[in-house]
Amino acid sequence: MSFFTYRKGVLHAEGVPLPAIADAVGTPAYVYSTAALTGHFGAVVDAFGEARPLICYSVKANSNLSILRLFAGLGGGFDIVSGGELARVRQAGGEAAKTVFAGVGKTPEEMAAALDAGLLLFNVESAEELEALDAVGRRLGKKAPFALRVNPEVDARTHRYIATGLKTSKFGVPFEEAVALYERSKKMRGLKAAGLDCHIGSQLTQSSPVRAALTKVAGLYRELKARKHPLEYLDVGGGLGITYTDETPPSVAEYARVVLAATKDTGARLVLEPGRSLVGNAGVLLTRVLYRKLTPAKRFAIVDAGMNDLLRPALYEAHHGFVPLVKRRGKEVEVDVVGPVCESTDVLAKARSLVLPQPGELYAFLSAGAYGMSMASNYNSRPRPAEVLVAEEAWRVVRERERTEDLWRGERA
Ligand code: LLP
C-alpha cells in the first residue's frame, strides 16, 4: 500500500492527510489513490510489453464510475458479469468493443443489450447458454462473438469460496466437452467463435496453477485453430493475488512471464481480466471508534463501519490491516474490532495487537479497494459509505454517502 504512508505520524493518501477527509465527509468512507490505480495498471502494461494484451478490468472488484473512467482513459477494456455492469461501463465512457461478458446466468435481455452495444466477447459458460446466445444473435440478425469459458480443472489453492476452476465448480464448461461444443456452434447462424476463455479463481498466490491451467487451455486453443475455428482471442481471466498481510503472490512481471510462456505459439491476442490486483491496494476504508467494551474475556473496539460496508472478513474470514490515522504511543494489547451490525460475524479485525483504541479516534482498514464498496449492502438499514478519490494534494467525493431517504427508494408503505 505504498501510496498510503505515514508522514509525521499521520496516515496520508498520496499528499492528503486522511483525517482531513474523515472530518470533511464523515465515516465510514472509502478512499482511493489515483497514483496507485494508474501505477498498478501501468505495471501490467509494462510487464506484458510487446504482447500488448487487452486489459479488461474486472468491474465487480470496484465499479465506481470514476475508477472505470480512469481505466478507460488508460486504454483499458472491461470484464463484466451483468447488464448493470455494462451500463456502468458505458456511463463511464468505456467501450463495449473492448468489453467481455462472463457469468453463468446471462439473461436473453442482457445478451441482446450487449450484442446491440457491440460487445467484444461473450464468455459462454454452458451448452444451453450457447443456444440462448445463438437465438439472440439470429433474432437481431447478428453473429454474437463468443468464447467458451472452459474449466481447466486445476486447484487454484485459494479460499474455497473464490476458487472457480475445480471440477465441481458451477463455472465454465467441462474441458473435455469444449471441442464438441465448438463443432456444434459451426451450425449456429447467430454465433461466431471468436475466442477461448478460462479463469481459475481469485487471490491466487502461486503461479503453478496458472501455468498448469494455461498450458492446457493453450493446447486446446491450438487444436481449435487446427479445426478451422476462427478464434482470435485467448482470455486468461484474472485472479492475481495481492498482499493483505504476509502473502507473497507472484509479481506482475512473474505472472506475465508465466502467462506469456504458456500461451506462446498460439498467435492469439491475449485478454486479461485483473480486478483485485489493480484496485485492492489502492483503497482504504476509514472508520471512527465509537466505544470500547472491556469484558473479562475480551477487549472490543466498536467502530462505525460494519460488515455491510466491508463484507470480506465476515464472508471469507479475510484479513485487512487496521491502523490508526494518527499514531499514538502506548502499550499494545489484544483487541477485536467489531462493527455495529447485529450479527456475531460482524468482526472486522480479530485479535489485533493495538494501542487500546479511544472513542472518537480514526482508523483505516487497509487493502479495501477491491470487493469492498462493490459488496457493500444496506443490511440493518445502514446507508452505504461515501467514496473519495485522491490525486496528489487534491481529493473529491466520487460517490456521496447514501442518505436516509435512499434506504427506501422505490418502496411503498
Ligand atoms: N474474471 C472472472 C471471470 C472472475 O470471476 C473474476 C472474479 C475476475 C476476472 C477478477 O478476479 P480478480 O483479479 O479480482 O481476482 N469477492 C471475492 C472475490 C470474488 C472474485 C470473483 N471473480 C473477494 O472479496 O475476495
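All positions are counted from 1 along the displayed chain.
Just so you know, glycine gets a Cβ as well, placed from its N, Cα and C.
Now, the feature entries from TrEMBL:
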type     : residues                                       : note
DOMAIN   : 30-369                                         : domain 'Orn/DAP/Arg decarboxylase 2 C-terminal'
DOMAIN   : 43-279                                         : domain 'Orn/DAP/Arg decarboxylase 2 N-terminal'
BINDING  : Gly239, Glu273, Pro274, Gly275, Arg276, Tyr371 : pyridoxal 5'-phosphate binding site
BINDING  : Arg276, Arg312, Tyr316, Glu343, Tyr371         : substrate binding site
ACT_SITE : Cys342                                         : active site, proton donor
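The structure, with features from TrEMBL marked on it.
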residue	record	DSSP (3 states)
Gly239	pyridoxal 5'-phosphate binding site	coil
Glu273	pyridoxal 5'-phosphate binding site	coil
Arg312	substrate binding site	helix
Cys342	active site, proton donor	coil
Tyr371	pyridoxal 5'-phosphate binding site	coil
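Around the Cβ of Gly275 (pyridoxal 5'-phosphate binding site), the number of neighbouring Cβ atoms within 10 Å comes to 22. Filtering Pro274, Gly275, Cys342 by Cβ distance to ligand 1 (under 6 A) retains the following recorded positions: Pro274, Gly275.
Over the domain 'Orn/DAP/Arg decarboxylase 2 C-terminal' (30-369) the predicted model carries a mean pLDDT of 97.
In sequence order, Cys56, Tyr57, Ser58, Asp79, Val100, Ala102, His199, Asp235, Val236, Gly237, Gly238 are the residues near Glu273 (pyridoxal 5'-phosphate binding site), counting only same-chain partners six or more apart with C-beta under 8 A. With respect to Arg312 (substrate binding site), the closest of these recorded positions in Cα terms is Tyr371, chosen from Gly275, Arg276, Cys342, Tyr371. Take the binding-site residues Gly239, Pro274: by the count of other Cβ atoms within 10 Å of each Cβ, the lowest one is Pro274. Annotation for Cys342 (active site, proton donor): same-chain Cβ neighbours under 8 Å, separated by at least 6 residues, are Asn380. Rounded to a whole number, the distance between the Cα atoms of Pro274 (pyridoxal 5'-phosphate binding site) and Tyr316 (substrate binding site) is 20 Å. Between the CA atoms of Arg276 (pyridoxal 5'-phosphate binding site) and Glu343 (substrate binding site) there is a gap of 27 Å. When each of the binding-site residues Tyr316, Tyr371 is scored by how many other Cβ atoms sit within 10 Å of its Cβ, Tyr316 comes out lowest. Within the same chain, residues at least six positions away from Glu343 (substrate binding site) with a Cβ under 8 Å of its Cβ are Met307, Ala314.
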